């Protein structure tokens, strides 16, 4: 199977809980290689741009407000079948439906403040990675 890349966000509520290291440890324990990461505080313009596909939906303004409420950690993860495996590790978008042992079951506070984001397809992963990382900012791991 081919190695894929996926995109991950640790959202403001999870950052505030001081669980970044725990989440990274779970990524690595699940076989992901972290090949790019940074912490930043999104501007309203960045959040609106990143979530543009949801503009006009009832939850959009609340999502933008939440995503700009504190720092986030964005990462690029690499593994076989990375997109699906990462989504499985995150759990259901609605934490009420997330299986025990998933990141959202452990760190989410609500549907909007669900602790984490993961790409839903390879195409989304490529677009989301390019939104936050420029050329040379993702480091392939050969060892």
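For all residues, glycine too, the Cβ spot is worked out from N, Cα and C.
The following features are taken from Swiss-Prot:
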type     : residues                 : note
BINDING  : 11, 59, 87, 93, 104, 114 : ATP binding site
ACT_SITE : 117                      : active site, pros-phosphohistidine intermediate
Task: Max CA-CA distance, Å, over listed ATP-binding residues 11, 59, 87, 93, 104, 114 - done: 21
Task: Conformational class of the residue listed as 'active site, pros-phosphohistidine intermediate' under the three-state DSSP mapping - done: strand
Open item on the list: For the C-alpha pair, I'd like the distance in angstrom between residue 87 (ATP binding site) and residue 117 (active site, pros-phosphohistidine intermediate), rounded off.
Closed with: 9
Task: Three-state secondary structure, residue 93 (ATP binding site) (per DSSP) - done: coil
Task: Neighbour count (Cβ, 10 Å) for residue 87 (ATP binding site) - done: 18
- [ ] Take the C-alpha atoms of residue 93 (ATP binding site) and residue 117 (active site, pros-phosphohistidine intermediate) and report the distance between them in angstrom, rounded.
- [x] 8
TODO: Look at each of the recorded positions, 11, 104, 117, and point out the one with the fewest other Cβ atoms around it within 10 Å.
DONE: 117
